[in-house]
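Peer 1: Quick one: this structure, given as structure tokens, is what I'll be asking you about.
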Amino acid sequence: MRYIVALTGGIGSGKSTVANAFADLGINVIDADIIARQVVEPGAPALHAIADHFGANMIAADGTLQRRALRERIFANPEEKNWLNALLHPLIQQETQHQIQQATSPYVLWVVPLLVENSLYKKANRVLVVDVSPETQLKRTMQRDDVTREHVEQILAAQATREARLAVADDVIDNNGAPDAIASDVARLHAHYLQLASQFVSQEKP
């Protein structure tokens, strides 16, 4: 068994920056979003199933998934969203477990944007939340993705609240300041997680 630290935060909170800082310290990072993209790569069985269910227009000329079209299709249709989740979630879970087993670092950092929404925090040994104010989320996301304030507000409304994320947190990184301020927080937490992982391994041994 591997000690799992789940990392989460709302859109624009800086999850990638924090994850990269842990990766720089030699920690294996398992990213749920990357795995979600991998299971629908061209040629993947799940992609064929999506085309069969939603129609061939969901697949671009180069064989990739038309993500925006799919998002628009399921956004206002809970039944279709449930169908898609039932298809993809087991595949994502299977690949996640595979990557955890392949990990070589003392603990793994599991990056899960929808950790709270999908109650996945129960699968982790510890939860780290990257916390920023909603206003910071708005500004960063508008700048990064070149989208309107209204668009970001819709995304925020669909995600778990800041309070809900903080309620499941064991550790919190305040990322309202400059990005380079994160390094010291990550170094401190890394030392703590190494200790916890070591204790976890010694308890696991028969």
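Just so you know, glycine gets a Cβ as well, placed from its N, Cα and C.
From Swiss-Prot, for reference:
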DOMAIN    4-200  domain 'DPCK'
BINDING   G12, S13, G14, K15, S16, T17, R144, N175, N176, G177  ATP binding site
Peer 1: Secondary structure at N176 (ATP binding site) (DSSP, helix/strand/coil)?
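Peer 2: In the DSSP reduction, N176 (ATP binding site) maps to coil.
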Peer 1: Neighbour count first, Cβ atoms within 10 Å, every protein chain included; then name which of S16, N176 tops the list of binding-site residues.
Peer 2: S16
Peer 1: CB neighbours of G12 (ATP binding site) within 10 A?
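Peer 2: Taking all protein chains shown, G12 (ATP binding site) has 23 Cβ neighbours within 10 Å.
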Peer 1: Would you count the other CB atoms within 10 A of the CB of R144 (ATP binding site), including those on all shown protein chains?
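Peer 2: Other Cβ atoms within 10 Å of R144 (ATP binding site): 11.
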Peer 1: Would you give the longest CA-CA distance, in whole angstrom, between residues of G12, S13, G14, K15, S16, T17, R144, N175, N176, G177, the set recorded as binding ATP?
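Peer 2: Answer in Å: the longest Cα-Cα distance is 17.
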Peer 1: Among all protein chains shown, how many Cβ atoms are found within 10 Å of the Cβ of G14 (ATP binding site), not counting that one?
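Peer 2: Its Cβ shell of radius 10 Å holds 22 other Cβ atoms.
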